Amino acid sequence: MEQEICVIGFSGGQDSTTLAVWAKKRFKKVCLVGFDYAQKHSVELECAQKIASLLQLPYEIISLDFLENITRSALFKNSNDLMGYSHAQNKDLPNSFVPNRNAIFITLLHSYAQKIGASNIALGVSQADFSGYPDCKEDFIKSIEHALNLGSNTAIKILTPLMFLNKAQEFQMAKDLGVLDLVIKETHTCYQGERKILHAYGYGCDECPACQLRKKGYEEFQANKK
C-alpha cells in the first residue's frame with residue numbers, strides 16, 4: 001500500500017465505484033469528490049453518497065449548476081433535447097456530451113488535491129468502451145495533467161486504470177475486487193435517472209445510451225464466464 005493520498009472523481013457509477021475500491025486497496029487515504037452540475041440523473045449523487053458510506057470513504061460534492069447556463073447538453077435537467085442524437089454544437093459528438101465537463105472536473109480535482117496534500121488523482125475514464133466523448137481519451141488526460149502541473153508547479157499524477165478496459169472487463173474487475181454485487185445493485189449509470197427497475201446489469205431505463213453500453217458489457221461479461 002502506498003503511503004499517499006488519492007482523490008477520486010466520483011459519480012456513483014460503475015466506473016468510479018470500481019475505481020474507488022481499486023484505489024482503497026492501494027493508497028493510505030482515498031477521498032471521493034462528486035459534482036452536481038444540474039444533471040438529469042442527479043439520483044447518481046444519492047447513490048454516490050450511499051456507496052461512499054458503504055465503502056467508508058469521505059465524500060464531498062462540488063456544485064457546478066452554472067454549467068447549464070454556459071453550454072448545452074441533453075444531460076441537463078432543463079434540456080428538451082432527446083438522447084441519442086448529435087450534439088447541437090458539434091455534429092460529430094453525441095448530444096449527451098457536456099463541453100469541457102471533464103476539463104472543469106479535473107481542474108477542480110487538481111486544486112482539491114493540492115489543498116489536502118494528495119499526490120494522485122484517479123479517474124474512471126475509458127477510451128476502450130465509451131460514449132464518444134473526446135475528453136475520456138488518454139491523450140486528453142495526459143495533456144491536461146501536464147498543463148495543470150505546469151500551471152501550479154506540482155507533480156500530481158492522474159491515474160486512469162480503466163482506460164483500456166471495456167465494460168465487460170470492468171464487470172470482471174469488480175468481481176475480482178469482490179464488489180460485483182455492489183456495482184450491480186448500488187451504482188447508477190442511466191441518463192434518465194431510472195431507479196425502479198433492476199435488470200441483470202443494474203438499475204436503468206434499458207434504452208438510453210448509458211444503459212445500452214452497460215447492458216452490452218454485462219452480457220459480454222456473462223458470455224466470457226461460460
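Even glycines carry a Cβ here, placed using N, Cα and C.
Here's what Swiss-Prot has on this protein:
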- Phe10, Ser11, Gly12, Gly13, Gln14, Asp15, Ser16, Thr17, Thr18, Leu19, Ala20: ATP binding site (BINDING)
- Cys190, Cys205, Cys208, Cys211: Zn(2+) binding site (BINDING)
Residue from Phe10, Gly12, Gln14, Ser16, Ala20 whose C-alpha is spatially nearest that of Cys211 (Zn(2+) binding site), among the binding-site residues: Gln14
Gln14 (ATP binding site) to Cys208 (Zn(2+) binding site) - Cα separation in whole Å: 16
Among Cys190, Cys205, Cys208, which are recorded as binding-site residues, the nearest neighbour of Ser16 (ATP binding site) by Cα: Cys190
